[in-house]
Amino acid sequence: MDHPLIQHKLTIIRDKNCGTKEFREIVNEIANLMAFEVTRDMPLEDVDVQTPEGIAHAKQISGKKVAIVPILRAGIGMVDGILDLIPAAKVGHIGMYRDEKTLEPHEYFVKLPSDIDQRQIFVVDPMLATGGSSIMAIEALKKRGASNIKFVCLVAAPEGVKALQKAHPDVDIYTAALDQKLNEKGYIVPGLGDAGDRLFGTK
Ligand SMILES: O=P(O)(O)OC[C@H]1O[C@H](OP(=O)(O)OP(=O)(O)O)[C@H](O)[C@@H]1O
Ligand SMILES: O=c1cc[nH]c(=O)[nH]1
Ligand SMILES: [Mg+2]
């Protein structure tokens, strides 16, 4: 997404001197701006509304219920920014960590709204690196009947985009930046470092 506000804010959090408080605030601000675009194709229906001056033939969002599903931990950093725009959305959580050596993802927690199969789902995680975590999280959702899924991240590596598109071709990917590559430790270069640690101050 090339909107100037998104690009400007992403530059601020890429800076290694950006502290936890500012990092957390700006991740939410970017998620808020991205939500605007990610929801662009939400279906509308006609509705008549009585204004003080007459009847307006207007539009409202029709039926489609939304679930925001952060991949723990770092995905939590994007939830409030999206909830600001879609306050009625439910939030499901999928816990996933990457083995630091093998880079294999491991699922450790799944708690979803009971009607997840009927919802438009936005899976959120700031980082799409090898794609392992997002692929497995989306598998967990599909196993529970979910079918209408978009993936929203801040920084993606080409390797992760390719892998996610191959595993889940039905899932559109929204990213604020497509970076150069992964390094030998599976980190995105130039990226922004470890998003979870920077959000929660754990390093
Ligand atoms: O595309 P991948 O190669 O799977 O890497 C991306 C994942 O790695 C990070 O999570 P991490 O395992 O560091 O967990 P954390 O969010 O708890 O820090 C990040 O938040 C993604 O979930
Ligand atoms: O660059 C990366 C890769 C995986 N997870 C992160 O938080 N950052
Ligand atoms: Mg991490």
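Note: Cβ is positioned from N, Cα and C throughout, glycine not excepted.
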Which of these, Asp2, Asp194, does TrEMBL say binds 5-phospho-alpha-D-ribose 1-diphosphate at the same site as Arg73, Arg98, Asp125, Pro126, Met127, Leu128, Ala129, Thr130, Gly131, Gly132, Ser133?
Asp194
I'd like to know which of the binding-site residues listed (Met127, Gly131, Ile188, Ala195) lie near ligand 2, counting only a CB under 6 Å away.
Met127, Ile188, Ala195
Binding-site residues: Asp125, Asp194 - member with fewest neighbouring CB atoms within 10 Å:
Asp194
Arg73 (5-phospho-alpha-D-ribose 1-diphosphate binding site) in three-state DSSP notation:
coil
Show me the subset of Ile188, Gly193, Asp194, Ala195 whose Cα is within 10 Å of Ala129 (5-phospho-alpha-D-ribose 1-diphosphate binding site); these are the binding-site residues I mean.
Ile188
